[in-house]
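K.L.:
Annotated transmembrane segment per TrEMBL: 95-113, 134-153, 165-184, 221-241, 248-274, 286-303, in sequence order.
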Amino acid sequence: MSFTLTIRAGPARLASRIPEFAKASSGPAAAIRAFHKSAPKTTNFFTSRTTTPSLIAQKPAANSLLARLQGARRGYQYQSHTQPQPDSGLLMRKLLYGGAMVGGTWVTLQFMFNRETRADGGMPPYERSYLNKTFMHTGLGIGIIGLTAYQMLQTGFTYRLMVTNPWVVAIGGLALSFGSMLATRAIDPDNYIPKYACWAVFNATQAAFVAPLLAMAPPALLARAGLYTIAMMGAISFVGATAKQEKYLYIGGPLLAGAAIVAVSGFAPLVLPATAVRTLAFTENLWLYGGLAVFGGFTLYDVQRVLYHARLAQAGVIKEDPVNESISLELDFLNIFVRMVQILMMQQNRRK
């Protein structure tokens, strides 16, 4: 992928060179040259050519990936053709397909994982309240991550991070992310200011990891990936909330082992040679689709753990802490969202 940077002389530079032009054009020789100069050729007004082909031949810098990373919005963009109108029939078919997929996923999850429902007459009010608080903090954290990533992209902070040493940024970002997460979990929920401050730092570090992905993917694809992620997590969360108490808490150990395998598969391109094409393709599929399965299972586990902590808080064993509960669900959302974006980008590249 190539990038083109165009620098044009401004009015100030042109004004500074006016004395040179005047000096060059003064004198009798200039008058003789002006007398013998031929008249300018007239051009047809109704012609298909334009007088500024450079504006059309060059792609505006604001639409390039580099400009999106740097946050540049300079110059005027001239649109030489009309945008195609979206097909309403195609949009309706996509909506129907999406609804059918969501409905089929919900029915499948209910039939396979939720045969044994709660035997206590439904969810108690304190569990419902604690779960709602957790989901509210999860949505607020995801919103903070999205807005912060967008601001990093617009101000060029993402570009400055990418042009620096990537290993230093990665190691420092991971250290800051883990440190802020551990600090948030360690602070007592009654200390609102330091707890929410550490939580905001944690969300900012996650936004720094997500921002480069927002620069590479088109907005429509990001919106689709977000809708798919919300639908997937919503269906799994519903199953976990309405299933039998503590039914899926035993899967924490296997999920942790699966997450370790997925993480190791993500580092495979750094270890394996480029000639091992089949092995790299297998590890990539394991990273994408295996990660979807693992973090979908983590969503189910985390929802049931929230309900379990709600019962402990009702009994007075622990304090209610929806901020700590939301961190796990935020990580589940981000891992599923990143994989959704990568899968959709792969499908889009195959169609071209």
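Yeah, the Cβs are placed from backbone N, Cα and C, and that goes for glycine too.
Automatic, uncurated: that is what TrEMBL annotation is.
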K.L.:
Near the transmembrane segment (248-274), which residues from the same chain, at least 6 beyond its ends, have a CB less than 8 A from one of its CBs?
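P.N.:
Apart from its flanks, the transmembrane segment (248-274) reaches 113, 240, 280, 283-284, 286-287, 290-291, 293-295, 297-298, 300-301, 304-305, 308.
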K.L.:
Give residue numbers and ranges for long-range contacts of the transmembrane segment (286-303): same chain, 6 or more residues beyond its ends, CB-CB under 8 A.
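P.N.:
Distal contacts: 113, 131, 232-233, 236-237, 239-241, 248-249, 251-252, 255, 258-259, 261-262, 265-266, 325, 328-329, 332, 335-336, 339-340, 342-343.
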